[in-house]
C-alpha cells in the first residue's frame, strides 16, 4: 500500500514535468492556448498509455482516471501564463524531459512487473514509458525525435529501469529503488546534455 | 435500438467525410491510386481505432466489421476519379475534416459512455476520436498536424462532446443530442476557418 | 504444430530483415549505436505489435517473449559493426524492407485468421503488419513513409495476404501458402523498385 502510494506520487510528478516539457515546446512552436494544453497532455500521458495498452491494463490509467489529464492541463496553463519563468533555464524542455524520463522509466518498469511481465521485458516497457511521450511531442512538432538525435537518452532510461530491478533484487525499500533509478537516469541524461556526451557512431 | 442506429449512421458519415479529406490530401501530395486509398482509409478509421483500443472495445469496430473500411475505399476511389469536383470547393480537405470532427466527437463520446467511462473522460475520448484521423493524415504527409496549427480545432471537438453530454443530461432525444453536438462543432470549426478566428497565444 | 513452427520461423526472419532495414536507415541518419539499435527494434516489432493489439492478442507477442527483441538487437549490432558490407547492395534498406513486407504480410494474415477474424479483414491486418514497421521507421527519421511514395508497396503486401488466403482455400500445405505469398510480395516489390513500376496517378 505504501508502495503503490510512492508509485502514484512518482507517476504524477512524471506527468507534471513531461507536461511542462510539452507545453514549453508548444510555446516555441507558436501554438495557441489550446494547442499548448493539448501538447502538454499528449506529451504527459502518451508513454503511460502505450505502456498500459501493451501490458493489457485497459482502459489505461490516464483514461480511467481524470487526475493525470487534469494535472497536465494545469501544467499547460501554468506554462501558458508564466512561460518566461521557465525560459530563464538554459534548456527547459530538455531538463523537464529528463526528469520525466527517469520517473516514467522506473514507474513503467514497476507497473509491468506488477502485471506479470518478466524482468527483462519490464525494463523494456519502462524504457518505452519513458521515451514515448517525448517521441510523440517531437513527431507532432515535426522534429526528429530526441531519442534518435545521437545523445544518451533511451540508454539513460534503460539504466534507470535496470537499477530499479537491481534494487528489487537486493530487496531495498521500494521508495529507495524508485528514487535511485529515477535519479540516475536524470543525472546521466542531464550530464550528457551539459557535457555533450555521446555514444559511439558507426565509422 | 433506434439510438444505436443513429450512432451507426453518424459514424458511417464520419468515416466517409474523413476518407474524402484524406484522399484529397493524397491527391495534393501526388500519391498514386493505392496511396490515395490507403490515406483515405487511415484517416477515416484511426480516430475510432484509437478510441476503441483505449476503452477496451477490442478488436476495434473497424477491424471486426468490414463496412467502415469498404466505405472509406469507395470514398478514396471517388476522389481519385472525380477529384476536380471536390477541388471546386475553397477548402475541401478542411471542410470534410470539420464534418468528420463533429461526427466523431459525438459518436466517440457516446461510445465511451456506453463502455462505462465517466462523462468527463468520455468527452476526452470523443475529442480524441475526432482529432485522431486528422493527426495521422497530417503526420503521414509530413505536415504539422492541424490540431497544433493555432486554430480552433480540438476545442471545437470538445465543445461538441460537451453539448452531447448536456443533451443526455437534459434527456433530449438521442438523435437530437448527436445532431446538436456535431453541428456546433462543424459550424464553429468552419466559421473559424473562414473568419480566421484564433485562440489567444502566449505573449 | 508443424504449422505454428513455420509461422514462428517466418516471423523471426521478418523481424531480422526489418531490423536490418531500420538499422541501415539509422546509419544513414547518423545515429549512434543505441539509436541504431532502437530504430532496428522499433522497425522490427511495430507492425506485429499493432496487429496484436488490434486482434486482441495482449500483451503482444514481442512484449510477452524476449526472443524477437533480442534478435532485432543482434541485427542492429551487426549493422553497426559491419554496415559497409550491407552498403555494397544497391538499395539495402529497400531490399530488406521488401523481404520483411512479404514475411509479415503472410504471418500477420495467418495470425489474424487464428484469432477468428474474417478472411477479408485478416488480409487487411496482414497488410498492416507488413507496412507498420516501415511507416514507424520513416516517420521517426522524418521521411515521407515509403507506403505513400507512389510505388507498389501496400498493394504488394495485400497481394501476398490474398495469395495466402487462396492457398488456405485450396488446402495447400501451410508452409507452401506462406512461402508463396511472401515470395510474390517480395518479387513484386523488388521488381517494382528496379523497373520503377508505378500505379496510376490522378490526372
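Yeah, the Cβs are placed from backbone N, Cα and C, and that goes for glycine too.
The transmembrane segment annotation in TrEMBL covers A:6-24 (among others).
Residues or ranges marked as domain 'Glycine transporter' by TrEMBL: A:9-84 (among others).
If you look up TrEMBL, you'll see A:31-54 (among others) marked as transmembrane segment. Within its own chain, the transmembrane segment (A:31-54) has Cβ neighbours under 8 Å at 11, 14-16, 18-23, 25, 60-63, 68-69, 71-73, 75-77, 79-80, 100, 104, 108, 111-112, 125, 128-137, 140-141, counting only residues six or more beyond its boundaries.
What TrEMBL records for A:66-86 (among others) is transmembrane segment.
As annotated by TrEMBL, transmembrane segment applies to A:93-109 (among others). The list of residues near the transmembrane segment (A:93-109) in space but at least 6 beyond its ends in sequence, with Cβ under 8 angstroms from a Cβ of it, reads 7, 10-11, 13-15, 17-18, 20-21, 24-25, 28, 44, 47-48, 51, 122-123, 125-134, 146, 153, 156-158, 160-161, 163-165, 177-178, 181-186, 189-190, 193.
As annotated by TrEMBL, domain 'Glycine transporter' applies to A:95-165 (among others).
Here TrEMBL flags A:121-140 (among others) as transmembrane segment.
Taken from TrEMBL, the feature transmembrane segment covers A:152-169 (among others).
What TrEMBL records for A:175-194 (among others) is transmembrane segment.
Nonlocal intrachain contacts for the transmembrane segment (A:175-194), taken as residues 6+ away from its ends with a CB within less than 8 angstroms of a stretch CB, comprise 2-3, 6-7, 10, 91, 94-95, 98-99, 101-103, 105-107, 109-110, 130, 151-153, 156-157, 159-164, 166-168. Predicted-model confidence for the domain 'Glycine transporter' (A:9-84) is 91, expressed as mean pLDDT. For the transmembrane segment (A:152-169), the residues of the chain that approach it from at least six positions outside its boundaries are 98, 101-102, 104-106, 108-110, 113, 119, 122-124, 126-127, 130-131, 146, 176-178, 180-182, 184-185, 188-189, 192, 197-199, judged by C-beta separation under 8 angstroms. Using a Cβ-Cβ cut-off under 8 Å and counting only residues 6 or more beyond its ends in the same chain, the transmembrane segment (A:121-140) has close neighbours at 18, 21-22, 25, 39, 42-51, 54-55, 97, 100-102, 104-113, 146-147, 153-154, 157-158, 160-162, 164-165, 185.
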